[in-house]
Every structure is written in structure tokens, then in C-alpha cells.
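First up is the structure itself, then whatever we jot down about it.
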Amino acid sequence: LRCQAAPRPRACHGWQVSMKSGSLSYILPCNRMPVQLMSQVRVYTSNGQKKDLGSEDTDGSARGETLHKVETGQDTTNAGQKQSSPKQPIQVKVKAVLKKREYGPKYTQNNFITGVRAINEFCLKSSDLDQLRKIKRRSPHDDTETFTVYLRSDVEAKSLEVWGSPEALARERKRRKEAEIKYRENLFRNQRLLWEYKEFFGNTKPRSSTAAMFFKGPGKVVMVAICINGLNFFFKLLAWVYTGSASMFSEAIHSLADTCNQALLALGISQSARTPDPSHPYGFTNMRYIASLISGVGIFMMGAGLSWYHGIIGLLHPHPVESLLWAYCILAGSLVSEGATLLVAINEIRRSARAKGLSFYQYVVQSRDPSTNVVLLEDAAAVLSVAVAATCMGLTSLTGNPYYDSVGSLGVGTLLGTVSAFLIYTNTEALLGRSIEPEQLQRLTELLESDPVVRAIHDVKATDMGMSKVRFKAEVDFDGRVVTRSYLEKQDIEQLLQEIQQVKTLEELEAFMLKHGENIIDTLGAEVDRLEKDLKQRNPDVRHVDLEIL
């Protein structure tokens, strides 16, 4: 406390005046606080009013009250230590800030609603919508450029005007829901009566497009295979009954399994042609893969399982084989018929692979057409199994040993098990949603990145949905400057400049920014539609495109 430090001149920061009383030194607040002078300050409030706070020559007595003065009884003795200076006015600069709006957890005042939704959800008539404001918006569908929407707030107000109260509207919705359920029940009943009528009197309706599918492409291959394998099963079954050969029994079971599986494939083809509905928005194309998967499981259980069982029984309990002449004749006929079906399947796959720019092996391994693949593999296995059965039966005829015949049955079962395992694997991969080829994905990525409106793309996914239908998804970082420039190129710059010059208040500035901001967002949506359309046009396999704005 016994400090004799003399006061030193320094910049005043509010607490720099030193006082001395006897042997006690202390610091008092200084009345010379730093003040920044401004010639003139204008304050803008949120309602756009302007106020002048004054200039440097104004009287500062009213605004100098915020300065803290310190007076003591020793002012007279320390007057020589205080440096007198004129008091400066303090100016305050207020920043103009637009008032933030609170929208709440649920805000639907600016939502748009289509006419169909307005009629269905709010129980209105088309004549009621004629009295409301109509707004033209960019259409999300490819076949139309614009479509008409309504403000949801206007529709809600109109529904209350029509029905009187929310309770009356809720009762009407409930009544219409019950009427819809009753209508569906009647529709199902009428469809059943119509089906019974067709069964009794005959169907004179022209052939549908679904039936026409079985006269070309994979449908034709499947129908030919069903007819041939059905005949083969009948004749092989007669040969087995006559000879008692285990190999011939395996061949008969093989033909029966092929016939049943190909009938299942025909069902899958017919179901895949169904049009998409609200419950299945992406259609029913995967029904072919489901039918092929079940077919593979059927081949394994019916064909391979019974062949192995009969072969093992033949090894455990061998019995002599009767004359095999008729069996050889039937096997020869089966070889010719199975070979003809195999050639039909090979020609169809070659044609389809050539159209896709793929090799024969790639087309089969990628399971581009599961129905044709099943016919191809089943007929190939049938030709090989006929060769195996004929060889083992020949060895049995030469040596008189029935074990060769049983070994042939085991060989046919092993061949069928291999085919079924391949079908199960390829169709499971297709149903899980595998990615497309890296080269094709790279082409799609380069097409997006080469567009000037795109800065970068991230999290790219391209899934093969089956039957050469690809779903593409990516998060896109758009260049806002390019989007804005694209919007400005469509505007009258002179008129836009006049609008800018007329902005004087915050309300006018807000209206200007909201108007052009909404138009720029619409321009961004149009750019997204353009990119999706380009992807579909340059890559016909791409059916569904999802571009997310990053």
C-alpha cells in the first residue's frame, strides 16, 4: 500500500486517474472515455422508418449522461493533475434486421394441392374449385409441362364454407369411406360373376396383349419347352414302366420337373406384364425372377432329389434290367426334341445379347432374361443327361451289371443339382438389387459431371431392378451461380434494374427477394428435370432417376 508511484501520462481507458492521499494510492474512474465520432448516423427500424441521430456539432449534453463522473473532496488539491478536455457526444449505430417469423411445427398456409386431392380429401365438387385461385406450376410428369394447383388454405376455407364445420366434414369423409369399401366389395362380386359367365358361355373377348407375349421372345421359348418336355415325360414314363431302368426313371422325373418349372415360368411372364398400381409403383417385372427362383428350387427337390434317391435304391437293391431297345429309341427322340428347344433358347439369347451389346456368357451370367436362362440351362442339362443315361444303360446292356444304370441316375441328379444351384444364385442376386456394371455407372456419372450446372455428385447408386430396368440415385451439388444466371437470361434486365432502383424500404426489399427467390427455386427444379430427362434419353435402361439436391 505504501506506493509512491507518480502518475504517468497514458491513453485513457476509463480507470487511469491516479489519486494519492497521504501514504495511500488508489485509482479513480476517468471521465475521458474514448469516443468514436461520426458525422451522421441513420437508424432503420423494421418498419422502414429512418431517423437522424445527429452530427458532431450537435449538443452532446443530452447524450453525455452515460458518462460516469467521479467527484471527490480533493478535486481542488488535484486539479493540477487532471487534464481538462471537452466532452464528446456518443453516437449509437443500430443495425437494420428483418424480424424473424415463427412458423410453428405445422405450417401449411403456402402448400399447394391438386384438384383431385382437393375433391377427394375435402369432399368438394369441381364447381367449387372454379371459384378458387388457380396457380400454374411446373408439372412433375414428362407428358405435360404445367398443371393447375390450388392453395391448401383456400381449399380448407372452401370446405368449411360448404360443410359448415370440421365435424360435418369428418362425418362426410367417414360416409364416403364406407361407400368406397362397399363399392369394392360389389366390384369383386361382379368380377367373379363375370368370370363364371365367361367360363359357362365362353370368352369371345379379343386376344389380349398378355397372351400375345407367348408368341414371341421369351414367352415363345417357354411355350415350346412346355410342349416338348410334356411329350418327353409321357414317353419316358412309358419306357421306364416297360424296362424298369433307374436311368430312364431319372429322365422321366427330369422331364416332369422341366415341364412344371416352365409352366411356372409362363405364369411369371404373364404376371410381370401387369401394369403398376399404388401398391406396386415400380411394377411386377420381378415376378420373372421369383418364378425362376422357385423353378430352381423345384429342379433341386424334384429332379435332383428323386434321381439321387432312385440311384441309391438301385445301388442298395439292384435288379436286372429288361430289354432297353425301346428305351434307346425314346432317348434318341428326346435328344432331338431337347436339342431343338435348346437351339431356340440359344438363338433368343444371342439376339437379346446382341441388342444389349453383351456377350452370350455375360448375358447368361447376369441373368438379364431369367425365363430364357432357365429354359437354356434346363435343356442343356437335359441333353447332357440323355447322353449320360444312354451311356450308363449301354454299359448295363453290355456287361449285365445293373450298377452302371444306378450310377447314371446319380449322375443325372448331380447335373440337375448343379443347374438348380446356379439358378438359385443368379436369381437371388437379381432380387436383392445388385448394382449395374462399373462401365455403365461411369458413363452416367460423367454425363452428370459434364453439365455446367453440376459442381459435384456424391453417394451415387445405380440398381438393376430386373429386366434391363435401372434405378439411378445421386446427391448433386448444384452451382447456384449458374442456376441464377440461367434464370437471369430469361428475364428483362432493364425491367429488373428498375425494380431494384425502386426498392426503398425493408418491406419492398423482402417482396423483391421473395419473388425472385421463388423463381430461382423453380429454375433449379427445371434443371433437375432436364438432367433426369437427359439420363433417360441417353441410357434407355434408366427408368427411374432420383436426384437429391445437396
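Backbone N, Cα and C define each Cβ position, glycine as well.
The compositional bias 'Polar residues' annotation in TrEMBL covers 73-88.
Per TrEMBL, the feature domain 'Cation efflux protein transmembrane' maps to 222-432.
Summarising the annotation, TrEMBL assigns region 'Disordered' to 48-90.
Look at TrEMBL and you will find 221-242 (among others) tagged as transmembrane segment.
Listed by sequence, the residues of this chain that lie at least six past the ends of the transmembrane segment (289-313) yet keep a Cβ under 8 A from its Cβ atoms are 246, 249-250, 253-254, 256-258, 260-262, 264-265, 267-269, 271, 367, 370-371, 373-374, 378, 406-410, 412-414, 416-417, 419-424, 427-428, 430-431, 466. Under the heading transmembrane segment, TrEMBL lists 289-313 (among others).
Residues or ranges marked as transmembrane segment by TrEMBL: 325-346 (among others). Residues 220-221, 224-225, 228-229, 231-232, 235-236, 238-239, 242-243, 245, 248, 251, 255, 372, 375-376, 379-380, 382-383, 386-387, 389-390, 393 of the same chain lie 6 or more positions beyond the ends of the transmembrane segment (325-346) yet place their CB under 8 Å from a CB of it.
Look at TrEMBL and you will find 380-400 (among others) tagged as transmembrane segment. Beyond the transmembrane segment (380-400), the same-chain residues lying 6 or more positions past its ends with a Cβ under 8 Å from any Cβ of the stretch are 229, 232, 245, 247-248, 250-251, 254-255, 258, 320-321, 324, 327-328, 331, 334-335, 338-339, 342, 407-409, 411-412, 415-416, 418-419.
TrEMBL lists 406-425 (among others) with the feature transmembrane segment.
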Fill in the blank from the handout: Contact set of the transmembrane segment (406-425) with the rest of its chain, CB cutoff 8 A exclusive, min separation 6+ beyond the ends, reads 246-247, 249-251, 254, 257, 292-293, 295-297, 299-300, 303-308, 310-315, 318, 373-374, 377-378, 380-381, 384-385, 388-389, 391-393
